[in-house]
């Protein structure tokens, strides 16, 4: 049996073999079809003509991601209070909470496809404005009748439907408007807003709940989100032209089938499924792990510190990725390096956690914080790779793999609960996460790439006006 350090050394050597083959990628052969390529490039007219506008847009998109998670966390925070008020059982509470995820899975592809056609910024605005209305209106729904359970479940389902288009639209927007050397940091900045939103919802949301009641949580988040939508409409969108669709890459079912026959696409989708499912598993089970393993520990420490660490980690990862690309390193190599940290190094910290040598509360928090921190590097790895491979349909493709990631997350979360029940050990869960991450990482290191694959089999069509 190899020791832990021997296994780690072998894994690092394997990654070196994969990445050392070429420091710089050969430039893509754009002369294959110059007419199509020129038309595709004409779609990338800059949404951010001035750096000042770019900074304002990035700030607003960061805030929108933060508000997205605040609204998403509103019901889980208020669930216990609402269950007491409306006499819900555990099963009924689970039905309300689960309604979000089912709705979330249905609109990923549709939202991405719409963003590819009319522009991600407009789909984002419609999405945010809609779920702002639902969030602020949730307290009013309970007054419509005695069927509170059905109304709340429907509200959560609609919330999932509307938020399901958000990240595919963000991917589509960045693929159309952001150059390759800046995508890593921008996407990492957007995604770091989700961690801040989780912290704000857990901290300030809980305080508002205790002081003013559960209704105030929904009112506050809904009103703030509506103000965001109003500012974006007045300052950024009103009077601007929508995305020009006169020259588009039109995708048929056969084109999509050919796209998924490309090894880099399949490797990217599989790696994204793995990293999403393991993230869902940690998010779902970490509070229970700390509560059972360290029952006398301070609750806010393990609920806040790991997610607080994730914010600067995501920003650092994005900066490093863009720095390497802008200094001549191949895009594919950079994406693989980022994913190695996100899936490989993060799993090493979980192995340390389950090794038995470090069992103190402090050590557990440190290892979990490092694991979650480096896992955010996926924002400048696989999450951006979809924009490298297929920018003309990045929204729809991201929505597809995000849907698969959500479904795989449901399976992995359930399987983890079964393993805990059967083995009575958390080591089995951390081992499962490590196996899934390692499998996805190896596939991506072997078959991942960053060259465009959406031009060869696509047809340029002129839409009727």
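Quick reminder: no glycine exception, Cβ is built from N, Cα and C everywhere.
What TrEMBL says about a protein is an automatic prediction, not a curated fact.
Here TrEMBL flags 57-452 as domain 'Major facilitator superfamily (MFS) profile'.
Positions annotated as transmembrane segment by TrEMBL: 6-22 (among others).
Within its own chain, the transmembrane segment (57-82) is flanked in space by residues 47-48, 88, 93, 96-97, 100, 124, 128, 131-132, 135, 138, 152, 156, 159, 163, 166, 170, 186, 189-198, 200-202, 205-206, 209, 213-214, 217-218, 221-222, 224-225, 228, 231-232, 236, which lie at least six positions past its ends and keep a Cβ under 8 Å from the stretch. For 57-82 (among others), the entry in TrEMBL reads transmembrane segment.
TrEMBL lists 94-111 (among others) with the feature transmembrane segment.
Per TrEMBL, transmembrane segment is recorded for 123-142 (among others).
Marked as transmembrane segment by TrEMBL: 154-173 (among others). For the transmembrane segment (154-173), same-chain residues at least 6 beyond its ends with a Cβ under 8 Å from one of its own Cβ atoms are 47, 61, 64-65, 68, 71-72, 75, 96-97, 99-112, 114-116, 119-121, 123-124, 127-128, 130-131, 134-135, 138, 141, 187, 190, 383, 386-387, 394-396, 398-399, 402.
Annotation source TrEMBL lists transmembrane segment at 185-205 (among others).
Annotation comment: TrEMBL describes 217-237 (among others) as transmembrane segment.
Marked as transmembrane segment by TrEMBL: 263-285 (among others). Sequence-distant contacts of the transmembrane segment (263-285) (same chain, six or more residues past either end, CB-CB distance under 8 Å): 339, 342-343, 368, 371-372, 375, 378, 382-383, 385-386, 389-390, 397, 400-402, 404-406, 408-413, 416-417, 420, 429, 432-433, 436-437, 439-441, 443-444, 446-451, 453.
Proximity of distant same-chain residues to the transmembrane segment (305-325), defined by a Cβ-Cβ separation under 8 Å and at least 6 residues beyond the stretch ends, is recorded for 180-189, 191-192, 195-196, 198-199, 286, 331, 334-335, 337-338, 341-342, 365, 368-370, 372-377, 379-381, 384. Annotation source TrEMBL lists transmembrane segment at 305-325 (among others).
Look at TrEMBL and you will find 396-420 (among others) tagged as transmembrane segment.
Summarising the annotation, TrEMBL assigns transmembrane segment to 426-447 (among others).
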Residues from the same chain, set at least six apart from the ends of the transmembrane segment (396-420), whose C-beta lies under 8 A from its own: 101, 104-105, 107-113, 116, 164-165, 167-168, 171-172, 251, 259, 265, 268-269, 272-281, 284-285, 383, 386, 389-390, 426, 428-429, 432, 436
